[in-house]
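The transmembrane segment annotation in TrEMBL covers B:28-47, B:67-87, B:92-111, B:131-151, B:213-232, B:262-285, B:297-324, B:354-371.
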Amino acid sequence: MDFAELVRGFPELTTTGLVQGAIYALIALGYTLVYGVLRLINFAHSEVFMIGTFGAIWTWAAFGLDSNSGAPSVGRSLLLIALAIVAAALLSGSVALLIEVTAYRPLRRRNAPPLAFLITAIGASYALMELMGTLTQRRQVGSPALLPADTLFSIGGWSVTPVQMLTLSVAILMMVGLDWFVNRTRFGKGIRAVAQDANTAALMGVNKSRVIALVFVLGGLMAGVAAVFSDMKSGNTRYNIGFLLGLKAFSAAVLGGIGNLRGAAIGGVLLGLVENYGSALFGSQWRDLIAFVVLIVLLMFRPTGLLGESLGRARA
Amino acid sequence: MTAVRERWHSASSAIGRRVDGLPKSARITGLLAFIAFLYILPNKWFYEYLNIPGVWIPLYTTRNDMAAVLFYCAWIVLLSLGLNVVVGYAGLLDLGFFGFFAVGAYTVALLTSPESKLITEYNWLESPWPWLVTVPIAIALALLSGVLLGAPTLRLRGDYLAIVTLGFAEMIRIIAKNQDWILNGDRGIPQVGHPPGNYPDGTAIFQFEFKPYYWLLLTVIIGAVFLIRNLANSRVGRAWVAIREDEDAAELMGVPTFRFKLWAFAIGAAVGGLSGTLWAGQANFVNSSTFSLENSILVLAAVLLGGAGSIGGAILGGFLVIYIPEWLRSVGDVFGLPETATVFGNDFDVSPTSLRYFIFGILLIIVMIFRPQGLWPNRRRAAELKDRQKEVAVVE
């Protein structure tokens with residue numbers, strides 16, 4: 001127990017924890033959206049994220065940037081990041097849609113038992129991971145340095161780098177946007193209706209298939225955005241990166257109450273923070289343990305997560 | 001597609017009916033012949049003889065010793081039999097099954113290895129114990145850890161139970177990886193004891209060769225199948241089915257659901273622990289890398305691929321999830337497939353060895369689309385599913 005370390009590093013731990021938490025939260029949204037509508041743990045979502053990380057790096061490579069090239073000017077960097085976000089989000093969204101169409105829809109047509117979906121998810125996960133492993137020769141791929149690494153601004157002992165600032169603001173923007181989309185638009189109404197009662201919604205004229213496809217695409221978009229920031233944060237990616245991050249993000253979704261959008265956001269950020277504080281306190285080799293301890297302890301006391309399950313249901 | 005599906009369904013049920021129609025003596029003879037076949041299978045002269053050159057694709061594996069492949073198959077089969085009790089019979093989704101396997105393996109390693117810190121540092125033991133003595137202890141500890149994990153968590157339902165068991169297994173793995181007091185962290189525990197037994201000429205049977213371990217595992221599996229079968233046909237088994245079909249209704253009918261769920265969990269854990277002891281005996285070395293979540297998921301895939309709730313299915317599934325990827329390694333040798341492909345000046349490793357899990361993943365999806373109830377489903381469960389399919393799906 002190293003309290004001195006925790007107190008001394010508190011500002012920095014909080015910032016990096018928030019950034020990591022924002023990435024978890026964006027991935028967690030994908031799990032929670034699909035779960036809220038289909039009651040299905042989309043195990044292949046981690047690979048959707050993984051492919052997004054490569055999408056971003058490939059985009060940068062198309063502009064001649066790799067891990068050895070120097071940082072371009074700030075304006076050009078921002079443009080490149082925006083491009084990478086669009087490319088990664090589109091790529092992840094289409095992979096998510098592909099998974100839904102090939103692995104889940106045929107099973108749903110046949111009214112398969114819930115556990116069968118788990119197996120196709122595992123199958124899709126293996127296939128995507130190994131495909132990327134082969135394509136990248138199972139090597140770690142570095143991402144270029146884009147924004148300067150020095151401090152953007154600091155208040156007291158609290159300093160923030162440009163990458164952190166960008167990650168947090170874009171993540172908040174995405175989450176607010178998604179919340180607005182689900183709660184305020186016509187498409188969102190369709191999603192909530194299907195989440196509440198799929199068959200009744202279908203009878204009321206909601207196109208169930210299209211809503212489900214939309215949910216997968218939305219989750220994929222979020223994962224793609226998370227992927228870009230994950231690349232910039234860690235500076236590299238690998239074909240098996242999705243596994244641990246996906247697991248943590250899924251834990252975050254459960255922590256906040258799976259099926260609940262705001263819950264996933266809160267759960268993600270909370271997990272990022274707790275992990276950082278915990279690893280300062282107990283040593284960084286216990287980082288991964290902390291996430292699961294928190295999760296299990298919380299589920300003992302609040303079996304449906306912090307905010308409870310609700311995507312469609314009115315909050316009781 | 002529908003026609004193919006229908007034909008397959010009717011064909012597979014026709015085989016089932018025909019087997020059912022045979023007299024009991026014929027069925028038992030057939031079973032005994034099959035078991036004998038399994039015992040002979042790891043011998044090189046036998047499996048090479050099975051393959052008629054130029055007629056069949058060799059079904060044995062060329063890249064890896066067939067006995068080793070069969071050992072790993074049997075290992076996963078035993079694990080899937082254990083997990084089948086939890087997932088198939090009681091309907092509890094357990095994603096952390098390897099946690100119990102770890103408990104079994106580490107118990108054996110700690111008690112039988114002369115390098116164990118219990119001996120070298122803490123002097124709790126005078127000398128390493130024989131392997132056989134530690135097996136019941138390991139099973140008991142695995143069972144106990146099943147009860148300890150189950151008691152607080154089994155009140156959670158469905159997917160929450162899945163994530164908690166997953167978290168538990170990861171916790172065991174991370175603790176085993178990081179702490180140094182007893183389990184030696186990543187360095188692991190070497191020189192784990194082997195099962196006892198000598199050949200007539202005095203050399204030990206159980207050394208590093210796979211074949212004797214395969215036979216031992218096969219024998220254990222036969223025993224486990226017998227026990228689990230009887231259990232499934234008893235009051236306990238009926239209670240599990242009731243819980244799986246409708247937990248609330250079962251509780252209302254007076255089935256103490258919590259106690260029976262705990263039973264299923266503990267029995268599954270005990271089988272997992274048993275499998276850990278056998279594995280540790282063969283591998284001679286235990287560290288945390290075997291207990292990764294990927295392996296838990298592989299066992300779950302085995303149970304569901306074979307058909308949850310059916311013993312035959314668990315065996316078939318456990319065999320296939322190891323055998324298919326291993327066999328795919330040798331496919332390249334058989335057909336003379338290229339090892340690398342050059343695209344835009346980059347070399348890619350496209351050998352079946354490298355792509356085997358890609359192919360396996362696609363196969364999993366295809367099999368599940370055509371047989372969502374698994375390859376060899378339990379009849380009762382298949383009937384439950386038929387009922388589901390008859391329910392009117394409103395609009396897709």
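Backbone N, Cα and C define each Cβ position, glycine as well.
All TrEMBL annotations are machine predictions without curation.
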Two-stretch contact, the transmembrane segment (B:131-151) and the transmembrane segment (B:213-232), at least three Cβ pairs under 8 Å: no
Beyond the flanks of the transmembrane segment (B:213-232) by at least 6 residues, Cβ under 8 Å: 35, 38-39, 42, 67, 70-71, 74-75, 77-78, 81-82, 84-85, 89, 195, 206, 240, 267, 271, 274, 278, 281-282, 311, 315
Contacting positions for the transmembrane segment (B:297-324) when only residues 6+ beyond its ends and CB under 8 Å are counted: 69, 72-73, 75-81, 83-84, 87-89, 94-95, 97-98, 221, 225, 228-229, 232, 244, 356, 360, 363-364, 367-368, 373-378, 380-382
Cβ-Cβ under 8 Å with the transmembrane segment (B:92-111): same-chain residues at least 6 beyond its ends: 79, 82-83, 86, 117-118, 125, 128-129, 131, 133-135, 137-139, 141-142, 145-146, 149, 154, 158-159, 161-163, 165-173, 176, 182-183, 188-189, 192-193, 261, 264-265, 268-270, 272-277, 279-281, 286, 288, 290-293, 295-297, 299-300
